[in-house]
Ligand code: IPD
Ligand code: CA
Ligand code: CA
Ligand code: CA
């Protein structure tokens, strides 16, 4: 059993406090108040209530740390201290359609001497399965107390690849289609499950062999990227570079599949 840091205990406790209400809201989803932030961009009372619980818990435990949360934006804190990055409900569309595939995602980003920041603690918690995917930098990635490794598959023909598909008003459908056209004929299957944090957590767990998506937000991916890296995988932008967040392109897989996927993705977007 790995030893948790005190900080991990803080974020897991916050997630476990928010989860029962999310489960109750999910079971009564037809009564939830839902509004639209933009085209096909829904937010419900469940998102807001979960975020309120998470922010209260995290603030209570670390009062001077900033919190970046999807619904409330940035709550300022001491710039020399770490920052929490929170998606209170990743997979809102699934949730609102009664599909039990969604998660709470929490990352802790620490300031470095260079002025940059890096994610050092990550949790993706799936309330309906009570699965806690977590990682701490240098300590590996875990599902509860079981060590996670990315899949060992080396052939695209055996691989199950996840993606996120652009939708009404969001993302570059032409680019996604070209990448899909390059990857789909080469692999055993493609999945679009609708929660980016879980797509990455499942790559870390070896359930998916790879994943690509673009046009996400920091709270969708901050925790999941650390999970994949700590499980021995790679996360790059579509050209294989090490700035996926800056380019807002995410290609994740084990070593062998990453280089194969990267070639397919690169050739499909080179002339765009
Ligand atoms: C969404 C999910 C989805 C991704 C969308 C995100 P939300 O997050 O992660 O998989 O494709 O782009 O916005 O809004 O459900 O937290
Ligand atoms: Ca959202
Ligand atoms: Ca999200
Ligand atoms: Ca969300």
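Note: Cβ is positioned from N, Cα and C throughout, glycine not excepted.
Quick look at what TrEMBL lists:
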type	residues	note
BINDING	70, 87, 89	Mg(2+) 1 binding site
BINDING	90, 220	Mg(2+) 2 binding site
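Residue 89 (Mg(2+) 1 binding site) sits 10 Å from residue 220 (Mg(2+) 2 binding site), counting Cα to Cα. In the three-state DSSP classification, residue 70 (Mg(2+) 1 binding site) falls within coil. With respect to Cβ neighbours within 10 Å, the binding-site residues 70, 87, 90, 220 differ, and 70 shows the lowest count. Each residue in 47, 50, 51, 69, 71, 86, 88, 90, 92, 104, 105, 219, 220 lies on the same chain as 70, 87, 89 and has a C-beta within 8 Å of the C-beta centroid of that Mg(2+) 1 site, without being one of the site residues.
With a cut-off of under 6 Å between the Cβ and any atom of ligand 4, the binding-site residues 70, 87, 220 reduce to 70, 87.
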